């Protein structure tokens with residue numbers, strides 16, 4: 001990954017060239033054509049300690065340096081992380097100097113910034129004269145020294161227009177070398193093999209790594225195999241946990257990747273990357289008395305909030321942005337969410353102030369953090385939001401993008417050797433496919449390892465399933481030291497849920513559809529045996545209610561794979577402790593033990609639909625579910641199930657086999 005030594009290059013004599021006219025504009029190039037260069041930092045010449053100066057220029061020879069005859073570009077936005085200015089007619093800009101700042105160009109529509117060889121955009125200069133105030137575990141930010149004479153930003157034309165795709169990645173969250181391999185063999189392979197043109201960008205929403213920033217270089221190189229600019233935002237597992245101030249907790253990130261807050265344009269869309277993880281949080285977070293954990297707990301912890309500087313940056317940036325543009329916000333902690341709707345630190349304190357800044361604008365909010373997939377539509381509301389952060393209803397769409405890692409790379413191994421890792425709402429690991437056409441967008445979730453058009457799981461919730469799930473959930477929630485170490489049931493104790501009796505139907509059996517990116521406006525219907533389509537009921541209407549959970553509201557498809565994880569029982573005589581049972585993340589170690597539930601299970605979901613099955617004649621039946629979403633592709637899937645007068649034996653009938661001796665041999 002790019003380091004500060006590569007970002008801050010000492011300028012050669014050619015770097016001091018004047019910005020002039022006369023050079024012809026460069027021919028547009030495809031977004032994935034390599035252009036490896038860095039920004040142009042001029043160390044020579046006098047600098048004003050109060051003003052940062054430089055130019056944005058058309059780098060016609062693509063060497064990253066401002067050479068004689070290369071023209072300056074007017075009207076390009078440049079920022080110091082708070083103020084935002086536009087370049088003058090000659091391409092020059094001037095910004096106030098802050099003691100600790102990222103100075104960056106905002107990639108304008110029709111242009112592109114260079115990248116390093118891992119396709120990490122090179123668009124910023126990190127300025128921290130004294131460097132990190134203490135030695136940090138992952139190196140922090142070295143002293144950058146005096147203010148340069150100029151910071152010049154090269155641009156080249158791009159043919160990416162108003163219509164493009166971006167791949168949006170929730171938590172990749174690799175904690176180890178093995179898990180980087182999982183990412184390589186899942187999300188990277190999936191995107192490399194996808195049909196159609198490559199995406200114009202990867203937009204990664206934080207928690208790229210799991211507390212070990214030393215993994216960033218290899219991860220960046222692996223993702224760079226896609227040859228797509230990768231724009232990252234920081235998450236709560238990407239910061240310097242040994243920093244004593246929030247101002248220093250992004251230092252290693254800034255050295256390895258770049259700014260924690262920035263923006264870029266593609267077509268008619270403005271993307272804004274924001275670090276809304278305040279770590280360690282403090283008095284500013286507890287101003288309303290609602291975040292006592294930030295001031296009373298002696299242990300350092302984090303909170304979801306935009307800082308005053310970030311709010312000023314947003315206000316200034318929006319003021320300089322065409323009102324017709326689509327604004328896409330990307331940050332780690334959701335503004336509000338379904339899964340964490342009643343948890344203080346896992347939503348963003350000043351979401352209402354952000355909404356005020358965006359009033360009247362066309363906007364979309366993207367986040368990660370909860371390892372769930374949540375598509376929250378304008379007008380949605382859940383209990384807890386108002387108390388937590390003062391939000392009643394949503395003014396525009398919010399999407400929690402799921403996780404590349406799924407349930408932190410947990411669960412049993414799938415056929416490709418990668419952990420199945422179904423998430424806590426039952427959705428698979430994967431990524432968000434964002435297709436932009438002008439200022440309109442379409443969103444679809446692509447599950448890694450599944451057909452590209454697959455959009456849901458279908459299952460049947462039977463009385464036997466509910467009893468089975470309730471028993472295992474009660475064992476999971478019991479005191480670990482007091483309970484029997486062997487669960488009372490396993491998935492092998494669950495009868496075939498797609499074989500029902502009249503008694504099952506009379507007691508209540510539902511066809512369930514976990515529609516991964518379904519929202520409150522999604523229409524789901526089911527046709528039984530080719531009959532008329534009938535409406536399925538959404539278990540969460542998002543009209544101010546609390547979340548509904550338990551076996552009745554669970555996804556049976558997911559729970560069958562989550563409540564019995566055999567990976568916990570793996571052991572050998574190799575003598576390697578880490579290979580016994582399995583390790584999940586940095587803190588959770590599962591020693592060899594009986595198969596048992598994983599940490600997060602789908603006993604709740606914001607995107608589950610169900611239909612109570614009527615009395616049906618004995619035989620084989622087909623249920624076909626059709627889905628229409630306002631901003632996604634339609635989907636259709638079928639489930640085959642049986643109705644039998646009574647449940648047949650589940651295993652081989654040895655009683656029949658052994659009941660009679662072989663008869664006499666039939667002559668040839």
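In case you wondered, yes, glycine gets a Cβ from its N, Cα and C as well.
For 1-25, the entry in TrEMBL reads signal peptide.
As annotated by TrEMBL, region 'Disordered' applies to 43-73 (among others).
What TrEMBL records for 59-70 is compositional bias 'Basic and acidic residues'.
Confidence in the domain 'Calcineurin-like phosphoesterase N-terminal' (64-128), given as mean pLDDT, stands at 98. The domain 'Calcineurin-like phosphoesterase N-terminal' annotation in TrEMBL covers 64-128.
Annotation source TrEMBL lists domain 'Calcineurin-like phosphoesterase C-terminal' at 400-568.
According to DSSP, the secondary structure content of the region 'Disordered' (574-602) in residues is 3 helix, 7 strand, 19 coil. What TrEMBL records for 574-602 (among others) is region 'Disordered'.
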Across the compositional bias 'Basic and acidic residues' (59-70), DSSP yields 0 helix, 0 strand, 12 coil
Taking helix as H, G and I and strand as E and B in DSSP, count the residues of the region 'Disordered' (43-73) in helix, strand and coil.
0 helix, 9 strand, 22 coil
